[in-house]
Amino acid sequence: MRPLPGAPGVAAAAALLLLLLPRARADEHEHTYQDKEEVVLWMNTVGPYHNRQETYKYFSLPFCVGSKKSISHYHETLGEALQGVELEFSGLDIKFKDDVMPATYCEIDLDKEKRDAFVYAIKNHYWYQMYIDDLPIWGIVGEADENGEDYYLWTYKKLEIGFNGNRIVDVNLTSEGKVKLVPNTKIQMSYSVKWKKSDVKFEDRFDKYLDPSFFQHRIHWFSIFNSFMMVIFLVGLVSMILMRTLRKDYARYSKEEEMDDMDRDLGDEYGWKQVHGDVFRPSSHPLIFSSLIGSGCQIFAVSLIVIVVAMIEDLYTERGSMLSTAIFVYAATSPVNGYFGGSLYARQGGRRWIKQMFIGAFLIPAMVCGTAFFINFIAIYYHASRAIPFGTMVAVCCICFFVILPLNLVGTILGRNLSGQPNFPCRVNAVPRPIPEKKWFMEPAVIVCLGGILPFGSIFIEMYFIFTSFWAYKIYYVYGFMMLVLVILCIVTVCVTIVCTYFLLNAEDYRWQWTSFLSAASTAIYVYMYSFYYYFFKTKMYGLFQTSFYFGYMAVFSTALGIMCGAIGYMGTSAFVRKIYTNVKID
């Protein structure tokens, strides 16, 4: 099996990006066959049923291979390599529309070491996965008796393949031939193939793998309705603030304009107008802040585009296509990161724009690759198929340096030149205004902790369905739901951060930039806390590798979601702040 090669240089990087897209190959990739033409049965991986990501090469267990000449398989896309797809030829002789009567294809010489390997696999409920014409098939290695003393191996693979015209549309596997595992014996492995005509259309052949009763359950619809009602409530609340409360504020400030200096000095001055000279003051740590905003905008763009592509194309029909599409879109949308991050840094008076560009470009890739690098050590120790090949690591690094970084530079230059001028409606005072004391629940730290509750409440049911599709054996296909939830999340996040910012400014605290970002980003904390609940109460995962994989990548997912929500919250709040200070008279 040859790993995806990587080579430096811009031309190599372009070639690597092309590898992200599926490539056609004869027969099984054209999905058309002539009578008696060879049909390949690929053996993929084997592993514990409860640990979906802990997979090993099929022949890491002492199975025997058929007598037919071996065929090598290479990783066709980067997503396939990263997801641990390890296709190996089964050696079984299968021809299109040609039935095979029960026949022995190989023999296992079962010594004590091989028996122990099979017993361990049966104790841990090992399942294996195979592919015929890109259709996945699952089978169980064996089973134990009721007392757990004797162990049995399934030795007979009964394949029923459905065809429609010259295409394969259905595959079923029945495991039979239960043989007791006894050391120093020989076990014969056999198979049979039965072809049958099917009315299933080729376009619908993956429908049997979907689970409408799970994904289109009434709870799913109810959660969408519940989130929609939350949106109506929050939009109403924000509208009340904008129309009613701000109108009163404007009226009060206009009245103050008509007072003479003595009355104004004796008057009760308070509220958000009092911080007009500081509200557009640059945030603390502008370099990190602008990099986070740029990365969040890019993650939002990637999420939106990938969901739209998934709604149009059935990405679940090709191995690794979802991950390949996400990587390709992330690389292609790098100018979005550079534009929003670079322009914000310029408006805040930042001078080290090259450093900001590098941090913005590599913030997310460094987080993902750092986590993957750590988990990769554990995968190598376990000899798992999830261990990322060195060539694939080189490919990812080339994409980062020769695609993401240059595109980010283009976006940064455009952002600094097109919208990098600080055209604030209010002048920034030279001396910062002292922040008065306020009640404890108006402190930024408290607002940040509470700000993520409502956005999390709008998505946590959808999180359950997404987690189940990734960590269990479900194929997520209801991307219309996901798009609706993304829209609801954006609206809820913007509304919550606007309300939080209004109360903060009313308390004459002008530190709204980080507060608006972090109050929305705190959604990530609640999502990660929910992942602990899901792990302990909804799964039966165990072992160092699976636990590290789960909590490592859940941390990456939660952080990316938090950065996206933070950027959305800041962008919405920034428009709100600019709007209210534009409409008020400032001396």
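Cβ coordinates are placed from backbone N, Cα and C, and glycine is handled just like the others.
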The residue range that TrEMBL labels transmembrane segment, out of 140-162, 324-346, is 324-346
Which of 221-243, 358-382, 388-410, 479-505 contacts the transmembrane segment (549-571) most, counting Cβ pairs under 8 Å: 358-382
Which sequence-distant residues neighbour the transmembrane segment (445-467)? Criterion: at least 6 residues beyond either end, Cβ under 8 Å. 214-215, 219-220, 223, 226-227, 230-231, 234, 476, 478, 481-482, 485, 488-489, 492-493, 496-497, 500, 503-504, 515, 518-527, 530-531, 534, 538, 565, 569
Outside the transmembrane segment (358-382), at least 6 residues beyond either end, the same-chain residues with a Cβ under 8 Å of its Cβ set are 54, 56, 287-288, 290-292, 294-295, 298-299, 330, 334, 337-338, 341-342, 388, 396, 400, 404-405, 408, 412, 544-545, 548-549, 552-553, 555-556, 559-560, 563
Contact set of the transmembrane segment (287-312) with the rest of its chain, CB cutoff 8 A exclusive, min separation 6+ beyond the ends, reads 322, 325-326, 329-330, 333-334, 336-342, 344-345, 348, 350, 352, 355-356, 359-360, 363-364, 479-480, 482-483, 486, 490, 513-514, 517, 560, 563-568, 570-571
